[in-house]
Amino acid sequence: MSDFVESEAEESEEEYNDEGEVVPRVTKKFVEEEDDDEEEEEENLDDQDEQGNLKGFINDDDDEDEGEEDEGSDSGDSEDDVGHKKRKRTSFDDRLEDDDFDLIEENLGVKVKRGQKYRRVKKMSDDEDDDEEEYGKEEHEKEAIAEEIFQDGEGEEGQEAMEAPMAPPEEEEEDDEESDIDDFIVDDDGQPLKKPKWRKKLPGYTDAALQEAQEIFGVDFDYDEFEKYNEYDEELEEEYEYEDDEAEGEIRVRPKKTTKKRVSRRSIFEMYEPSELESSHLTDQDNEIRATDLPERFQLRSIPVKGAEDDELEEEADWIYRNAFATPTISLQESCDYLDRGQPASSFSRKGPSTIQKIKEALGFMRNQHFEVPFIAFYRKEYVEPELHINDLWRVWQWDEKWTQLRIRKENLTRLFEKMQAYQYEQISADPDKPLADGIRALDTTDMERLKDVQSMDELKDVYNHFLLYYGRDIPKMQNAAKASRKKLKRVREEGDEEGEGDEAEDEEQRGPELKQASRRDMYTICQSAGLDGLAKKFGLTPEQFGENLRDSYQRHETEQFPAEPLELAKDYVCSQFPTPEAVLEGARYMVALQIAREPLVRQVLRQTFQERAKLNITPTKKGRKDVDEAHYAYSFKYLKNKPVKELRDDQFLKICLAEDEGLLTTDISIDLKGVEGYGNDQTYFEEIKQFYYRDEFSHQVQEWNRQRTMAIERALQQFLYVQMAKELKNKLLAEAKEYVIKACSRKLYNWLRVAPYRPDQQVEEDDDFMDENQGKGIRVLGIAFSSARDHPVFCALVNGEGEVTDFLRLPHFTKRRTAWREEEREKKAQDIETLKKFLLNKKPHVVTVAGENRDAQMLIEDVKRIVHELDQGQQLSSIGVELVDNELAILYMNSKKSEAEFRDYPPVLRQAVSLARRIQDPLIEFAQVCSSDEDILCLKFHPLQEHVVKEELLNALYCEFINRVNEVGVDVNRAIAHPYSQALIQYVCGLGPRKGTHLLKILKQNNTRLESRTQLVTMCHMGPKVFMNCAGFLKIDTASLGDSTDSYIEVLDGSRVHPETYEWARKMAVDALEYDESAEDANPAGALEEILENPERLKDLDLDAFAEELERQGYGDKHITLYDIRAELSCRYKDLRTAYRSPNTEEIFNMLTKETPETFYIGKLIICNVTGIAHRRPQGESYDQAIRNDETGLWQCPFCQQDNFPELSEVWNHFDSGSCPGQAIGVKTRLDNGVTGFIPTKFLSDKVVKRPEERVKVGMTVHCRIMKIDIEKFSADLTCRTSDLMDRNNEWKLPKDTYYDFDAEAADHKQEEDMKRKQQRTTYIKRVIAHPSFHNINFKQAEKMMETMDQGDVIIRPSSKGENHLTVTWKVSDGIYQHVDVREEGKENAFSLGATLWINSEEFEDLDEIVARYVQPMASFARDLLNHKYYQDCSGGDRKKLEELLIKTKKEKPTFIPYFICACKELPGKFLLGYQPRGKPRIEYVTVTPEGFRYRGQIFPTVNGLFRWFKDHYQDPVPGITPSSSSRTRTPASINATPANINLADLTRAVNALPQNMTSQMFSAIAAVTGQGQNPNATPAQWASSQYGYGGSGGGSSAYHVFPTPAQQPVATPLMTPSYSYTTPSQPITTPQYHQLQASTTPQSAQAQPQPSSSSRQRQQQPKSNSHAAIDWGKMAEQWLQEKEAERRKQKQRLTPRPSPSPMIESTPMSIAGDATPLLDEMDR
């Protein structure tokens, strides 16, 4: 059935030409956008996931669309996109055109080997080509629409899209409507194939292989060829025409055979890799960005910034407020802005509705005036504060991008809706009287309104998927109709009506018949084409009505009841695809379920409910149970049960997803509680909502319809909605967790950048007479860096005020200790100290920084402080600061390409010293050094999970921090030119970027001039007004340094934060403050400004509020905050607003030197440490007299060190006095890997009492401990290594687990693992000491593994799990089949030795060699004979079913033969299955290999030939060995000639078997006669019903007895074994069969006799009556014997009357298939 579903969900692979011949098609492979990009709701995922439910009700014998190719899923929801199945294709012509090959290569993305090229007649028209193309296009028009609607390439709402490549120029103008399906062909990676690569014949090669290599590698490096072709250019540059292919508006590229000469000079684009050009910003696009008068970041945004009308701004502001500021996150997140951190999550919507107006103002500035965020934050404060600060403005900027994207997509979808509406109107107008078909749903204004009201990307996808469900298959028809009308209009317009019509007719004639629409066959379409829409509409509610019921939570719309039973109604819809009413109902339910699942209102309600109620359940995988220990990040949520997703915190869900990706956990998000006992009354969500689809009546008809509705609702939820909602919710939670991580990274960078440069004491600065030109005007810093490797030198770098390195110093022995043991080391250390002292004295730095590499930094900083103190005491040098600085940034800089380029000859540690000095000098500039195109900044450790967030998003967030801080501090352009070290800041200036910033510096360098005023940005640097407005206020000019070096007018305000637009107000304030007369001729506002700058306190008297009111009255707007800012700026120009530097506190020093954080080093953590010694408490004088004497030995014991071998008390005192007593041992000293010292008190060494720790641990030993206490000041930790603490069964030390932790599930898993461990640890055998080449001390599994590579018949002898007096001999019967033989030992000396005698069953052996030679090897030889037999079959290790299938198959092929096969049995090693099929049913028996030969039916055969010869003669004989039990399920058959009650046929059978072997047939006749049954030769033997057990495992259904239908036959006597099969009472009279003569008995001989295979003759011999006298005597004997047996039987408990049984062996013609009815029972002698 699934085959049919697949064939139904296919697309037609072949098309037919005019003559009806099949024209093979080139199948294009399309890969859709990723599932995040759009959840097209799994139209076909549904079909795949849900098809399993539909497999049973669609008939295979469908007559339409049989050759259609499986289209896979058109949804993005399937994680593993369904691959296209390979199908056999019949190709009538393999010689494809080059264009076809090109098309294949474009779509597959691989080169296709092309066959020999055949020259063809050139076609007059390209239209035929166009037509061929149309096949592949129509098929994917729905994808085209999706591409158009979501054309900006954005995935989930927050994801940034790749920049769309520039579209090629079109030669022909396209109609606007054509845009719906532009550029929708995608390659295997989902990228649009915008630029087809045409094969170009490269010159110089005729060899195909060489040319192919050249094409692959692109370059041939034959310089002679370059020379040869240089004049005319070695490559022909093809111009491409872009023509309208007239197939859904797709642009088709055709090479034009025109060539251009290229300039022979190589351009930059030929010399460098494109990636290098891109990273260096040298592409054409970069040049365009530089030239355009728009802020660089505006141009780089993936969604362009567009101007907006006031109405749209209002609408957008409201939307951004609701989504970004008023809607709380689903999970619990810290306040989104760390500037206001500490706010609880509930305060998310702290911004009131007044924010909306502020957002609108900000959007107006951004979209219409093109102001960047920092400009708005600094110069338009009145319009955004206090509601919005700078980070809120960035959020508005980001959400504006989302809004623009949503708006574009809505507009695209609206256009599509309008087109479909117009198309529907045309269709209906063509025949207005025709009623609408069931499958047609009119697209009305309600749908348009719903689209207009869409407020999120999720809702838009809902509307789009809803549209696809109802109108998806009409899209190609709509496009065709639109295309046809456009063509007609075009021709009419160009050539007039008459000519146009003629041409059109001619064109149609050339094109041939209309192409068949490529059909997408998904499950819904199949149901629709079968006309099930009508039945689906009779369920009583439309999806829209159900959605409204669901939204209002009451039955607003009553369910309409159709007046017929569902099954009765379904009969009208039965067809070839849905052959039964049940299948029809299943299909209708599928349609209803999918319609409900696609209804936007239903999805909106369910989405909201799902997010509120969703519960998270987590269980670990097998790997997770093993790997997630208490040190693992997933430990606290290893098991979770019903945790509401609303209670997830911060980045917790990201950790959960990571653990799931690593295969440690499985997560499940559901709307209902899972597995909670005692909550049975809680309704599931399904039970809550199904009532909205019910009709509350009790008639059978209504109940039946209610049942159908319930099943449809359940399917909609379980199969569609829950899965999709869980996925949506998971993506949202993951996005929130990632956003938290990005915010945490931003916060850390914010804290690093907010630190102001180091400032020495004011006195030091004033006394500094060393400020010459070389040193610069800033502070001088000496950076000291060292390596953690031993014996590496220490490097010092001196940096002047401008960040330039002026000197450096190498101290090779500075890391050695002053108190080192070796005198040589102490002397070298002293020399280095002296060298550093002189260096400090000469260079006089303001501060010394020491790298916080490890604990050694503490020693170095003490040494430096001591040197500084000595110099200060000697009044040789003012006191200078010594600071410890984190060297993480310095190490990153040390390894960067930038530092290598800047200090190529410096060793790495010296480069680190330079970075340390610069960092304390100005952290902002130093951090900017690692913001290169290599993205080095991401190597800094901001957050443990930073590598799991989207790199671009993290970079953008970090760059925002730089932009904020750089614009607050300002950038001195002239300093950046003079000192390239500070150039990195220019890219973050508002309005600029990496391209515009470097371009600005480049212009200034080319002009070899300094920037003397901000006006020059326009006049000299040609900056546009928009960029100038943005950046002018943040570029500062040091007007004081210009001094007399220039003749131009110096504007003092250029050195301040005052924006040029407000210079006049600043001057006015200065004039007013000084009370100058502005009307005077000699009034000089500039002079007033300079005076105010010297006496800023005069500004305090100004009434700025009145000034602001005056400005507002004059139309300048509200400027009161700006005026206060101007006053502050005039008081102190470009005052540094950063937090003053402070030395690191104790905790920061601890984290810096140990490289730990509170998350990685905490109380309760399990750690490993090395023992460094034993700690003792020195003895106190007053305790000397407490020595203890041992009365038994007479020796004295020291009360402290417990030494107990002192013969005299005086020796104990001497022991004290000499200082040789170490004192009382109080604990163990250890060292951790992070440099922290650990201490284990004696009582925490073990759960037992420990008096001497040195007996428990040794120095250098590694011990596992748990942290009890951390002392960050002393860098020490108290530890415990007691087993009870390490195990911590009571969870006193371990990290706390989640509130919803599932302890029960963990306990159950733990118990299961413990049981398994116990089972594995239990030794199944005792290791033995036995010298034999075949003996191995291994277990059962290891033996079988060893056997895999051994030969058939090889032996392994091993210990037995039965005990020490048993061995097991394992020998290889066949591949994968091994027999294990138990050997009993007797006469053992000990448990490990070999027994004197060995027994297998009742057979004795002297030693192992005898067992191998006399027992195993013969069996292996016999087995080999069977394995090599011509009728041997493997049958998957003796699989009965496989053997039966083989027999049935062979029997069908040769019905006149009786097939038989033998195969080794894996279930019973040592036995072989003998299968044969005389008639309709296969029969299977066992052949057992023994040392004597083959045992079959109780007889031993020494050869294979003898075995099969006997089998062929006796296969019809009954199988001996089964006696019926009294519990047999048998019934006494009804018979006219009833069986006498006093005869027990079972006993009779045993009696006959016990008779002498040489009894003649007359004797049997006499025995038969005494039963009182007359012979009735005409009676047909009973035909018993089929047995429910069957024979020998051959399956039920075999007849217990099968006899000939011939009425005149005579039964032949054989020993009777009554099988215990149940059967029905026969309808015919039954007579007891008589035993007739046999030439030789077929009764197997008794067990005591030597078995001799014998053959019997089946000749019918009619004995004359005259020979019966001998039989009478025997008859009397038999009768007497039977009477005795009967008497014994009567004494026993009365039994059921046994049934009479005809003889199983019926006399027949030899090898008659019809007469074979031997009941072959399994031989159970195992």
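Placed from the backbone N, Cα and C atoms, the Cβ positions cover glycine too.
What Swiss-Prot records as phosphoserine, among Ser125, Ser179, Ser275, Ser354, is residue Ser125. Rounded to a whole value, the Cα-Cα separation of Lys743 (N6-acetyllysine) and Tyr1515 (phosphotyrosine) is 85 Å.
Take the CB of Ser267 (phosphoserine) and look out to 10 A: across all protein chains shown you find 9 other CB atoms.
Taking the Cβ of Lys743 (N6-acetyllysine) as centre and 10 Å as the limit, one finds 23 other Cβ atoms among all the protein chains shown. The average pLDDT the prediction assigns to the domain 'S1 motif' (1213-1282) is 87.
With respect to their backbone Cα atoms, Tyr1515 (phosphotyrosine) and Ser267 (phosphoserine) stand 93 Å from each other. Counting Cβ atoms from all protein chains shown, Tyr1515 (phosphotyrosine) has 19 others lying within 10 Å of its own Cβ.
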